[in-house]
Amino acid sequence: MEAIKDFFGSLLLTELFKGMRLTGKYFFKRKMTLRYPTEKTPASPRFRGLHALRRYPNGEERCIACKLCEAVCPALAITIESDQREDGTRRTTRYDIDLTKCIFCGFCEESCPVDSIVETHIHEYHGEKRGDLYFTKDMLLAVGDRYEADIAQRRAEDAPYR
């Protein structure tokens, strides 16, 4: 009985019509695919992307070399070296982040008592060599200087939720 049913099913092309019905169902729906470089999905305001080091308005870097971010980093991606100044304060001489190790968890940003290290909204960066994804203190300060207005605005918007 099953063989006869299969014979008439294939003779009447029911499998073809079932497939065409499924194709037609999705053919007229709105497309979900975006053409990436020209079209982008909106990112969350809390998106964690490329790191940046911030400065105070007078131009002095915020980092006080407390090394909390280095201690809390689960991937051990942050390396900090510091020196004592003549006035008794500590400042970093070396602040490196290896983005090949970083898991973008945001613990460094949360642990910083002076809001020095932040994660920006930038997610489009690349490197041709492994060393290109190793960010030094000067590179992180340059990112912070370039996007300071945007960083300050996003942190002000997010302040009620902290």
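Placement of Cβ uses the backbone N, Cα and C atoms for every residue, glycine included.
Sequence annotations record features per position, and here Swiss-Prot assigns domain '4Fe-4S ferredoxin-type 1' to 53-83 based on sequence analysis. Note on the domain '4Fe-4S ferredoxin-type 1' (53-83): mean pLDDT across this stretch is 95.
A 10 Å cutoff on Cβ-Cβ distances gives Cys63 ([4Fe-4S] cluster 1 binding site) a total of 24 other Cβ atoms nearby, all chains included. The feature [4Fe-4S] cluster 1 binding site is assigned by Swiss-Prot to Cys63, Cys66, Cys69, Cys112.
Proximity of Cys108 ([4Fe-4S] cluster 2 binding site) to non-local residues of its own chain (separation of 6 or more, Cβ distance below 8 Å) is seen for His51, Cys69, Val72, Cys73, Ile78, Ile117, Glu119, given in sequence order. If you look up Swiss-Prot, you'll see Cys73, Cys102, Cys105, Cys108 marked as [4Fe-4S] cluster 2 binding site, on the strength of sequence analysis.
Marked as domain '4Fe-4S ferredoxin-type 2' by Swiss-Prot: 93-122. Summarised by DSSP class, the composition of the domain '4Fe-4S ferredoxin-type 2' (93-122) is 5 helix, 9 strand, 16 coil.
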Item to check | Three-class DSSP secondary structure - Cys69 ([4Fe-4S] cluster 1 binding site) | outcome: helix
Checklist outcome for this item: Comparing the Cα of Cys102 ([4Fe-4S] cluster 2 binding site) with the Cα atoms of the binding-site residues Cys63, Cys66, Cys112, the shortest distance belongs to Cys112
Checklist entry - Within 8 Å of the Cβ centroid of the [4Fe-4S] cluster 1 site residues Cys63, Cys66, Cys69, Cys112, which other residues of the same chain have their Cβ? => result Ile64, Ala65, Lys67, Leu68, Glu70, Ile80, Cys108, Ser111, Pro113, Val114, Ser116, Ile117
Checklist entry - Here are the binding-site residues: Cys69, Cys73, Cys105. Which has the lowest count of other Cβ atoms within 10 Å? => result Cys105
Item to check | Which of Cys66, Cys102, Cys112, all binding-site residues, has a Cβ with the fewest other Cβ atoms inside 10 Å | outcome: Cys66
Next on the checklist: Cβ within 8 angstroms of the Cβ centroid of Cys73, Cys102, Cys105, Cys108: which residues besides those meet this for the [4Fe-4S] cluster 2 site?
Outcome noted: Cys69, Val72, Pro74, Ala75, Ala77, Ile78, Ile97, Ile103, Phe104, Gly106, Phe107
